[in-house]
Amino acid sequence: MSVEALLLLSFGGPEGPEQVMPFLENVTRGRGIPRERLESVAEHYLHFGGVSPINGINRDLIVAIEAELARRGMQMPVYFGNRNWEPYVEDTVAAMRDNGIRRAAVFSTSAWGGYSGCAQYQEDIARGRAAAGPEAPELVKLRQYFDHPLLIEMFADAIRDAAATLPEDLRAQARLVFTAHSIPVRAANRCGPDLYERQVAHTSALVAAAAGYPEYDQVWQSRSGPPQVPWLEPDVGDHLEVLAARGVNAVIVCPVGFVADHIEVVWDLDNELAEQAAEAGIALARASTPNAQPRFAKLVVDLIDELRLGLPPQRVGGGLVPGYGSSVNGALCTPDCSG
């Protein structure tokens, strides 16, 4: 299938203090989140000057993708659109239409299936095309890539690099802990069932094996919403308490659920969890995310080549866990994943 452009589609984030509350209102629209809760979350962004790292990382990734496209002799413009902040996907798709783009691949900055990881991006695609009108380009979302060999390799290398920052006498006994964003149990059960959890668990197992860790833990982080609504557990903070009670004195935390340093990584892990670990006497090392590594750009262009050349998907682990291929103009990733 021929494509003329790439749209990098992401979550979005504020880029100044005055943008924080409007951004959070966009994220939570229709969910009835109290103003007090939004103001509390806003403090996380304001700690970093009101700037989320995600937009800057995505712009750097686009530069890396453009370099990889050029290296392969592929002439293809790369566009950038977001769900919750500028540049909004609606504006970006309109610009693609005005530039004469007829068909483009879409890479979303989530490796996973499920509603928030995949189907919500399909909604973004459909909304962007609807806003652009009848001349909107055809948009083909690239497949889920949770088991792509380069993703596994990047996280495995990041774990080894994180381990090297621990005191030498603690490295061999450090406990490896994988984290991913928690979601409501009800939402998890609607997509698969347990599709998201199985994909995360599969990726964690592949990364642990590649990094040389036969034992590890899989936990969740960054839950929100009413306490009476069950979310995926255990929480990373609660698990750290369990490890401290067992006498564990060194932990490597790998945010395998994130392909970039979202605020949930740089605040929830690098600040809150780090403070908790220090109080418990645990040496904590956090593995980096792919961010804008050249290897991540290569992964993106690999996915484009799979689409345009009809190549078989590169998957580690024999495809034992469901992964869904490309879809067109906002089709659902899997029939059960309706929201």
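Every residue, even glycine, has its Cβ placed from backbone N, Cα and C.
As annotated by Swiss-Prot, Fe-coproporphyrin III binding site applies to S52, Y121. S52 (Fe-coproporphyrin III binding site) carries neither a helix nor a strand DSSP state and counts as coil.
Under 8 Å, Cβ to Cβ, and six or more positions away along its own chain, H181 (Fe(2+) binding site) finds S116, W220, Q221, S222, G257, F258, E264. Annotation source Swiss-Prot lists Fe(2+) binding site at H181, E264, citing sequence analysis.
Of all the binding-site residues given, namely S52, Y121, E264, the one with the smallest number of surrounding CB atoms inside 10 A is E264.
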